[in-house]
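Asks: Let me give you the structure first, and then I'll get to my questions.
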Amino acid sequence: MYSESSTIAAISTSMSEAGIGIVRISGEDAFQIADRIYRGKNNKRLSDQKSHTIHYGYIEENGETIDEVLVMLMRGPRTFTGEDTVEIDCHGGVYVLRRVLEACIHAGARPAQPGEFTKRAFLNGKMDLSQAEAVIDVIQSQNDYALKSSVSQLRGSVKKKIDDIRNKILYHTAFIESALDDPEHISIEGYAQVLERDVEELKGRLDSLLASADDGRVMKEGIKTVIVGKPNAGKSSILNMLLGEERAIVTDIAGTTRDILQEHMNLQGISLNIVDTAGIRKTDDRVEKIGVDRALSQAKEADLIIYVVDSSMPLDDNDRKIFQFITGKKAIILLNKSDLERRTGEEQIRQMCAERGMKDTPVISVSAKEEEGMEEMEHAVKELFYHGDLSFNSEVYITNARHKHELERAYGSLEKVLESIRMDMPEDFYSIDLMDAYESLGNITGETVGEDLVNEIFSKFCMGK
Amino acid sequence: MKFSANSVWENKDQYDVAVIGAGHAGCEAALACARLGFRTIVFTVSVDSIALMPCNPNIGGTSKGHLVREVDALGGEMGKVIDRTFIQSKMLNKSKGPAVHSLRAQADKAFYSRTMRQVLESQENLEIKQAEVVNILTEDVDGRKKVTGVQTYSGAVFRCQAVVLCTGTYLKARCIYGDVSTNTGPNGLQAANYLTECLKDLGVKMNRFKTGTPARIDRNTVDFSKMEEQKGDERIVPFSFTTDPESIQKDQVSCWLTYTNERTHEIIRKNLDRSPLFSGMIEGTGPRYCPSIEDKVVKFADKSRHQVFIEPEGLETNEMYIGGMSSSLPEDVQYEMYRSVPGLEHVKIVRNAYAIEYDCIDARQLRPTLEFRNIDGLFSGGQFNGSSGYEEAAAQGLLAGINAARKLQGKEGVILDRSEAYIGVLVDDLVTKESHEPYRMMTSRAEYRLLLRQDNADQRLTAKGYEIGLIDQERYERLLKKEKLIETEMERLKKTYVGTTEEVQKLLEENGSTPLTSGSNLAELVRRPELSYEILSPLDHNRPEFPNDLREEVQEQVNINIKYEGYISRQKKQVEQFKKMESKKIPENIDYDQVKSLRIEAVQKLKEYQPVSVGQASRISGVSPADISVLLVYMEQLKSNR
């Protein structure tokens, strides 16, 4: 449970490069928090201003200007949530919105929980009772999404790193606690030095996790882009071309990619989360079939589909099936193997698109082998994005902000442990902050503390009597 | 059949409350009810076993000492009795923070039991009855079961309005070592074999737990020269806030420390197949925190030795307790094993070590008032609830007794929450979490332990005890006076400045503290780890004189409160958040099936536990934060609909 602040913040517009974006703060400290990051003319303080007014100024953090903004001030109860609310109109852009949100969090807000604004509005009597069920739906669906994004978007390696840190913290705490519980059997004389060394090291690990949180390496955030196509159309080669590295295994044997590969890339400021999939065809091979099913379900959730067609082969039933599948979705069609003799042409594809009401779908000839057509493809993605055709759920960024917030809290808790050690505080004070760090990190991986400590004490240390 | 139809008769004496069992829980429960003015009868299978200590000969210890203090602060008896009957006393963890200081006293067991029995005997409204209760009598009122009395093995019926079950380890008890097993309670006392069936008929879900105890040996056969002496503290601190410390300074008896060795472990390993635990003869679940010596040897195979404490059982007996070596190995192995320990080479065993199995309940059937959710007027406390330890038992017994009385007074039950008392943590854990072993208190279970110190139990709970009616006016006023003195003194220290005078710098230097560069108030100096309120007294020229009986307590509180102010206020903030959720009460008749969008697992868990507050609901495993949000929204909707 969060305890330090009841003031929440979130990005409350969808994340696209188009238009403006809004960061919303709600809660009793909303105005004070805004004051900490806002600089207007004549050093005016937002908390001194009238309700329901708009103010021009800048959002700053550590002396650095993040964005030029309009700030809307609304005192409760005449607000959506019924609480004091500040809305910061930013110049859109994923990066800026994220920075502004983080500034709010550093200034004392905490990232909102899924559906929390709506929940507050309801609990504060700002919504009609008949809306209760709708509110519940918002909470559950946003929570489902957050859970999914929290767990599935957390990279496996990051989860492992966090788990490792947590395990170490738990071990140390359990040792201290077992000694406090059974001082006649277990001694912790001189343990402070051991702990200090280890906590320093753990702090370093958190530091590097925090650094990677900034460049999107923690969360697989961005536009979910799924590469689909028949077997051996060259999907993995396209992925490798985009990434500029050999990530996927490429052979000329159809069906090489039997499962899902995911990579993150930044395409001129646009964040793409690229998923390579198994080739889609009718198959009796059970393992391959699983891959095909997964590919289809990935494509269903995609923000953008890159459909790779082998231009050296004529279209067949499998292609028609894929076409059916991408109908109505944002897609880019790549005619791969332009270096080989052509059996399927751009015109033929455009014709098929037009028949399905997708005449704006870009169709581009590329050769993954010769690395040709890359620029056109990037251009097409950018066009879609800047026209606002592409956007994605901001919940991903909120989740990321939450994760970062928890990493920072854990880091802060470990600093307090070190401070207590240096201040020569008694050992029982170390465990308070150690367990805080443990809990914060658990919030990232979705694990609660429960009986962990007691279990660890009994499993690792021999108690008396 | 327990009794023949014509031996059934109704005892016409009037009772309000029947307490079943006179162990540590039963004694507190019975005393609380009687003191609150209710005619109380306490049943025991043997009057000679009132307040018996069948296992370790001490009261208190880490976190358990806290419980004793809390029992005392609420108006319970345990602290007072141990203050009169201890033979050695020690404050554990003195070099650690104040939150984990824990008082532990070695008891003269027989004296303790006798003293508690005298307290019971001289208590107005309280009657002791030697009899085994076999039936809880109930009637159906508006579709709910309500307690109407109890019936004993002989067939006698005692009518009452509330029953407190404190059967400890006696229900269907079975004692085992090696392949020997007897259907007896602790110390070979008669087990209570019939009540379980009656409870099952009432719909109560039973568990079977296991625990154990080491052998008792003859002091004359112990060679103490091979052991390290463990003395008590020089300055003895009492458990009870009502005990004058001066009155209990006395000569103390020592305990002795020795160790097992590889040979001991070899003997155990060689005979593991003869242990009832490993052969499967014992099915109950044993506690992880007091493993038998064979458990330790198996589980911590890398340890070449384990500590063994030889503790006296009393002043008028030669029996000694072998702390750290409880066992259920066969008798011959026990002899061989104990005799491999230095100092015990020629030891004679007076009572064999044994494991004991007994019936207890899954305490999740209880409300946090310790009343059964589905049976009006039926309360329970102690080991019967799946806990372990004398102190845990006393704490629950007291609370169950208080709430039985409150029920008859028509008042709302007393619930202590996790931020108020270890008792609150204990009860909340018992009624909210699934447990597979007897539950023992630990300081690490208390999330706000910096606030739940043993030294401030009176400030946390005595006002409550006064309100309940177990604390008298005089004691309450003493508390108010103490609190006032603490507050005033803390304010004064924050406003008392010292400069960079020679006197100040010299004192700082003498205590290894950095000299001042500018003036400072005394509170700031108290905060320095190397300094304290006491050390600074020479600089504090206007320090007030405190009344004699409060001086030590006030000074201690001032020192702790100032020294750890940062941490304390942090936890206080967390408590505020916690209280918000605890204060959101869930209506008793809530139908979770009607709450749309609640996940199926959450619905099942909520139905099973029937939490009293949103706070309690949030601690149930399987209930997610989103479920809690949904629940909050639903409750709001309910409220407005009314």
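Each Cβ is built from the backbone N, Cα and C atoms, and glycine gets one as well.
TrEMBL: automatically predicted annotations, no manual curation.
Annotation comment: TrEMBL describes B:Gly21, B:Ala22, B:Gly23, B:His24, B:Ala25, B:Gly26 as FAD binding site. Sequence annotations record features per position, and here TrEMBL assigns NAD(+) binding site to B:286-300. Among the features that TrEMBL reports, coiled coil is placed at B:476-510.
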Asks: Measure from the CA atom of B:Gly286 (NAD(+) binding site) to the CA atom of B:His24 (FAD binding site) and give the result in Å, rounded to a whole number.
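Replies: If we compare the Cα positions of B:His24 (FAD binding site) and B:Gly286 (NAD(+) binding site), the gap is 21 Å.
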Asks: What is the set of residues, excluding B:Gly21, B:Ala22, B:Gly23, B:His24, B:Ala25, B:Gly26, whose C-beta falls within 8 angstroms of the centroid of the C-beta atoms at the FAD site?
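Replies: So the additional residues around the site are B:Val19, B:Cys27, B:Glu28, B:Ala29, B:Thr44, B:Ala51, B:Cys166, B:Gly168, B:Gly382, B:Ala393, B:Gly397.
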Asks: B:Arg288, B:Lys296: which of these binding-site residues has the sparsest Cβ neighbourhood within 10 Å?
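Replies: Ranked by other Cβ atoms within 10 Å, the binding-site residues B:Arg288, B:Lys296 bottom out at B:Arg288.
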Asks: Helix, strand or coil: which one is B:Lys296 (NAD(+) binding site) in, per DSSP?
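Replies: DSSP assigns B:Lys296 (NAD(+) binding site) to helix.
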Asks: Tell me which of the binding-site residues B:Ala22, B:His24, B:Ser292 sits in the most Cβ-dense spot, judged by other Cβ atoms within 10 Å.
Replies: B:His24
Asks: Go through the binding-site residues B:His24, B:Ala25, B:Arg288, B:Cys290, B:Lys296, B:Phe300 one by one and keep only those whose Cβ is less than 8 Å from a Cβ of chain A; report them in sequence order, or 'none'.
Replies: B:Arg288, B:Cys290, B:Lys296, B:Phe300
Asks: Take the C-alpha atoms of B:Gly26 (FAD binding site) and B:Gly286 (NAD(+) binding site) and report the distance between them in angstrom, rounded.
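Replies: Distance between the two Cα atoms comes out at 23 Å.
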Asks: Helix, strand or coil: which one is B:Ala25 (FAD binding site) in, per DSSP?
Replies: helix
Asks: By a simple count of other Cβ atoms within 10 Å, which of B:Ala25, B:Cys290, B:Val298, the binding-site residues in the record, is least packed?
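Replies: If we count Cβ atoms within 10 Å for the binding-site residues B:Ala25, B:Cys290, B:Val298, the smallest count is at B:Val298.
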Asks: Taking the Cβ of B:Gly26 (FAD binding site) as the centre, count every other Cβ atom within 10 Å, in any protein chain shown.
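Replies: A count of 31.
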Asks: Given the binding-site residues B:Gly21, B:Gly23, B:Gly286, B:Glu294, B:Phe300, which one's Cβ is surrounded by the fewest other Cβ atoms within 10 Å?
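Replies: Each of the binding-site residues B:Gly21, B:Gly23, B:Gly286, B:Glu294, B:Phe300 was scored by Cβ atoms within 10 Å; lowest is B:Phe300.
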Asks: In angstrom units, rounded to an integer, how far apart are the Cα atoms of B:Lys296 (NAD(+) binding site) and B:Ala22 (FAD binding site)?
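Replies: Checking the Cα atoms of B:Lys296 (NAD(+) binding site) and B:Ala22 (FAD binding site) gives a distance of 33 Å.
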Asks: Any idea what the Cα distance is from B:Ala25 (FAD binding site) over to B:Cys290 (NAD(+) binding site), rounded to a whole Å?
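Replies: About 21 Å separates the two Cα atoms.
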Asks: From the Cα of B:Ala22 (FAD binding site) across to the Cα of B:Ser292 (NAD(+) binding site), what is the distance in angstrom?
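Replies: That comes out at 27 Å between the alpha carbons.
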